[in-house]
């Protein structure tokens, strides 16, 4: 019973997405501007510091309150400090 309800909800969701895409028109979906906007979403962002579990070589690579853990592979972990 639960499986059939989940399958029904999934099918309805897919149908909703397809009909909303058709309403917008295929010319909008094929436009280069749309493709460029999607490209920007998936490009990696260069940051000044590494976030939690990000790769690092030294403590200064990591963001505030994080330190470089030198276990293989090296990663940024919490340095047990607090602040604003």
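Note: Cβ is positioned from N, Cα and C throughout, glycine not excepted.
Taken from Swiss-Prot, the feature disulfide bond applies to 49-63 (among others). There are 14 other CB atoms within 10 A of the CB of residue 63 (disulfide bond), with all protein chains counted.
The disulfide bond feature in Swiss-Prot is assigned to 56-68 (among others); the stated evidence is similarity to another entry. Under 8 Å, Cβ to Cβ, and six or more positions away along its own chain, residue 56 (disulfide bond) finds 50, 62, 68, 74, 75, 76.
DSSP gives residue 76 (disulfide bond) a strand state. Residues or ranges marked as disulfide bond in Swiss-Prot (evidence: similarity to another entry): 62-76 (among others).
For 82, the entry in Swiss-Prot reads phenylalanine amide. Other Cβ atoms within 10 Å of the Cβ of residue 82 (phenylalanine amide), summed over all protein chains shown, number 6. Secondary structure at residue 82 (phenylalanine amide), taken from DSSP and collapsed to helix, strand or coil, is coil.
Taken from Swiss-Prot, the feature signal peptide applies to 1-21, supported by sequence analysis.
In this view, the densest Cβ surroundings among the disulfide-bonded residues 62, 68, 76 belong to 62, judged by other Cβ atoms lying within 10 Å. Other Cβ atoms within 10 Å of the Cβ of residue 49 (disulfide bond) number 13 in total over all chains. Counting only the Cα atoms, the space from residue 82 (phenylalanine amide) to residue 63 (disulfide bond) is about 13 angstrom.
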